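Colleague: Sharing a structure, written as C-alpha cells. Questions coming.
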C-alpha cells in the first residue's frame with residue numbers, strides 16, 4: 001500500500017488480462033482507479049515525484065498488453081464516466097462507455113453519434129484513436145477535450161490542435177491523456193436515430209465475431225484495399241497460432257479461442273503481415289496498440 005495515496009483504489013501486482021477485451025496481459029505493478037480529477041492528479045504527481053512510469057489504459061479495447069505486464073502505474077478511468085448534455089453539446093468523461101454514450105444521445109433525440117453505436121471502448125480511447133465505423137468518425141463531431149499532460153498539467157485542446165487523421169490524433173505523439181471531451185450533435189428524430197443504430201448493430205453482429213474475446217479490427221485499411229480481403233486471399237482465414245486465430249467470420253479480426261497469450265497475438269500479427277505482403281505486395285499496418293513487457 002502506498003501511504004501517500006491512501007483512499008484511492010489501487011491494486012498491486014494486478015493481472016491486466018481481467019480488464020482487457022483480448023483477455024490477455026500480465027500484471028501491472030500498480031493498477032489505479034481514480035474517482036475524480038483530484039485523485040488522478042495525486043496519482044500522477046506521486047508517480048512523477050518517484051520517477052515511476054504511468055499510463056492510462058482506457059477500456060483496453062483496441063489494445064494488446066504483453067504477457068510480462070506493465071511497470072509502474074496503470075490508470076483506468078472506469079469511475080470517471082459521467083456524461084452531461086448542454087443543449088446540443090454532449091460532454092463525457094474519458095471513462096464513459098462509448099456505446100452507452102451513443103444511447104444517451106439517442107434518448108435525447110440527438111444525431112451524430114450513430115456510427116459509434118457498436119464500437120467497444122471508452123470516450124477517451126475513441127478520441128485517442130479517432131475511432132470510426134460505417135463512414136463516421138469521432139473527428140466529425142469533436143469540439144474539444146480536456147487533457148492531462150505528461151507533466152501533470154490540465155489543459156484544453158481544440159479540434160484543430162488534435163490534427164485528426166485516419167485512426168490518428170495528435171495526442172498519440174504528445175502523450176496527453178484525455179480526461180473529458182465535448183461533441184457537437186444535432187437535433188434529430190428518435191425513431192430515425194434508433195432505426196439507424198439498429199441497422200448498424202445488425203450489420204456488426206452479422207460480420208464480426210463478437211462472441212469471442214478480441215482486440216477489434218487488427219489492421220488499418222490499406223489504400224485501395226481492404227485488410228480482411230487481403231488476408232482472406234492469402235488463405236489465412238482460420239489460421240491459428242497458440243490460442244489465437246484469424247476469425248473465419250471476419251478475417252480482419254483475431255480472436256482468443258483457447259486461452260491465448262499476448263505472444264500468440266503478436267506472432268499471428270507478424271505472420272499475417274509477412275504472408276499478405278508476400279502474396280499481394282501490400283504491407284499491412286496494425287491498428288491495434290501493443291504495450292507492456294514480454295515475459
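Numbering starts at 1 and runs along the chain as displayed.
Each Cβ is built from the backbone N, Cα and C atoms, and glycine gets one as well.
Per Swiss-Prot, the feature domain 'FAD-binding PCMH-type' maps to 23-188; the stated evidence is sequence analysis. According to Swiss-Prot, the feature active site maps to 167, 287, an assignment based on sequence analysis. Look at Swiss-Prot and you will find 217 tagged as active site, proton donor.
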Colleague: Output the one of 167, 217 that, of all these active-site residues, has the highest number of other Cβ atoms within 10 Å of its Cβ.
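Modeller: Of the active-site residues 167, 217, the highest Cβ count within 10 Å belongs to 217.
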Colleague: Across the whole of the domain 'FAD-binding PCMH-type' (23-188), what does the mean pLDDT come to? Round it, please.
Modeller: 94
Colleague: Between residue 287 (active site) and residue 167 (active site), what C-alpha distance do you get in Å?
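Modeller: Approximately 7 Å lies between the Cα of residue 287 (active site) and that of residue 167 (active site).
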Colleague: Is residue 217 (active site, proton donor) helix, strand or coil when read with DSSP?
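Modeller: Note: residue 217 (active site, proton donor) is in a strand by DSSP.
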Colleague: Applying a 10 Å Cβ distance cut-off over all chains shown, what neighbour count does residue 287 (active site) have?
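Modeller: 18, counting other Cβ atoms within 10 Å of residue 287 (active site).
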